[in-house]
Amino acid sequence: MENDSKKQWIAGAVAMVMACVALPAWAHHPTGGETPASAMQGLLSGLGHPVIEFDHLAFLIALGLLTSLVDNGRLRLIVPFVVFSLLGTYAHTQGVTLALPEMWIGLSLIVVAGLLLRPLRVGTGVAVVFCVLAALVHGYAFGEAVVGARTSAIVSYLVGLGLIQSAMLWLVGTGIRHVGSSVRPVLIKASAGVSALLGILALTAGAL
């Protein structure tokens, strides 16, 4: 019975990931990759952006897993991350400049990998501070897609970003709690490894 339950969760997770990647991948380019010109295009682009770029996708998965290692992590981490990522996005559209954003994203991937691999549970305060800082960086990067867009497109883009990030973080954080105790550490280490690798690549590319 337990094995059947595990198989169902694995199958569900695979289906969810495929849906998250395939549908938004189409949605992110409703105008051929150009700046969204309408509210609908902004919404679709917002839904797609976080899951078709591997660095952002890897980070969201890792952060979702991190919520399971923090007391009441789904509430204490998801809410501030989503809120501050939207603030970072909006700041970019208003002309705020962040130097070397890709390097900061790379650093955030390495840090989240380190937090996942800690032998002890992650302190809530440390995790929340990290979430806020990482959210501003990733949100700033998301803002590049709507710089110069109409207000309606920017607002709907923010709505899309908020929805997809909240859903992904919640589903990953909830799903990992239903995975067998022998499988859970493997998934967490795999996510940490992918995040660390992408982070190193981003830092290396930024330094060249």
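Backbone N, Cα and C define each Cβ position, glycine as well.
Residues or ranges marked as transmembrane segment by TrEMBL: 9-27, 47-70, 77-93, 99-117, 124-142, 154-174, 186-207.
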Report summary line: Outside the transmembrane segment (99-117), at least 6 residues beyond either end, the same-chain residues with a Cβ under 8 Å of its Cβ set are 55-56, 58-59, 62-63, 65-66, 69, 126-127, 130, 133-134, 137-138, 140-141, 188-189, 191-193, 195-196, 198-203, 205-207
Report summary line: Note: vs the transmembrane segment (124-142), the recorded stretch with the largest number of Cβ pairs under 8 Å from 47-70, 77-93, 154-174, 186-207 is 77-93
Requested in this report: Using a Cβ-Cβ cut-off of under 8 Å, list the residues of the same chain that are 6+ residues beyond the ends of the transmembrane segment (154-174) and lie near it.
Outcome: 16, 20, 24, 36, 39-40, 42-51, 60-61, 63-65, 67-68, 73-74, 77-78, 81-82, 85-86, 89-90, 93, 139, 142, 145-146
